[in-house]
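Comments concern the structure below.
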Amino acid sequence: MYSLARELLFKLSPETSHELSIDLIGAGGRLGLNGLLTKAPASLPTSVMGLQFANPVGLAAGLDKNGDAIDGFAQLGFGFVEIGTVTPRPQPGNPKPRLFRLPQAEAVINRMGFNNLGVDHLLERVKAAKYQGVLGINIGKNFDTPVERAVDDYLTCLDKVYAHASYVTVNVSSPNTPGLRSLQFGDSLKELLEALRRRQEDLTQEHGKRVPLAIKIAPDMSDEETALVASALLGADMDAVIATNTTLSREGVEGLAHADEAGGLSGSPVRDKSTHIVKVLAGELGGRLPIIAVGGITEGRHAAEKIAAGASLVQIYSGFIYKGPALIREAVDAIAALRK
């Protein structure tokens, strides 16, 4: 059934297809229909960050930037849903076209640029949703906020989403916001993490609950850089790391249509690179910080490979575009088989 829907959607431009898909999934969620469209995955309860997940397979940030289809995605069987990236103020993102399919490689290139309707709009959508499961909210900085003031944007978003999120992801790894990835390293990372940690403590007192903080990192790092990031996360007492965002590499898509477009590459070509980062992180963290793995999961076994590499949870995005809701069940089944 999804193969037919995909064939029709792929006749549209990628961004039009994306918007239509969100509308349809959102409408199906409001009507309670999405659960009828696919066989539900097996129950596989998983505890991470002090949270209880129905299963360890989640929706990665970026598909539902504004929280328009939270109930719809949950009904498809995801064990958790992450929305965003959201910024303090609405922003249009980069000029179109900015989203490209590379179907021969089961890949996507995007240079969206954190297009979103702002954190206040997203919170209205969160409040309207009926979903009671684990909800992650991914936060970023506005395009026109200088990098040296990026901390202010993250704290603004954290203040606003804290009471409504199960966990909050801090996106310092999108390649489509100039200067953003510099926040992953050195004093910039240390200062950001310390500010977030202090604010988390204040908000815990204010709201009477501790909301975990996860940091989302890029795949384009050496083992030494990854080790330094791991050390910084441990030093700041972060709650999780999400590995990884999209890559600037074009390995695996050379010569394909759109391969030379600027932006981050996701899907199958980033799989090995992302899994390697997970392995390095796992070795450095030694179980002291959970890893949420994302990048290139297009078959169930790819999810199991990431768990075997050291992840506690996985997320999918591009694989969902190419394989549809059945991939969720396949990933849950593969992880369940690994645990036996």
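For all residues, glycine too, the Cβ spot is worked out from N, Cα and C.
From a predicted model like this one, the values you see are computed outputs, not experimental measurements.
Of the residues proposed, LYS39, LYS209, LYS216, the one Swiss-Prot records at the same FMN site as ALA61, GLY62, LEU63, ASP64, LYS65, THR85, ASN138, ASN171, THR244, GLY267, GLY296, TYR317, SER318 is LYS216. Each of the binding-site residues ALA61, LEU63 was assessed for Cβ neighbours inside 10 Å, and the highest tally belongs to ALA61. The Cβ of GLY267 (FMN binding site) has 26 neighbouring Cβ atoms from other residues within 10 Å, across all protein chains displayed. Cα spacing between LEU63 (FMN binding site) and SER174 (active site, nucleophile): 14 Å, rounded to the nearest whole number. Excluding LYS65, ASN110, ARG111, MET112, GLY113, PHE114, ASN171, ASN176, ASN245, THR246, which define the substrate site, the same chain contributes GLY62, THR85, GLY93, SER174, PRO175, THR177, GLY263, GLY264 within 8 Å (Cβ to the Cβ centroid), listed in sequence order.
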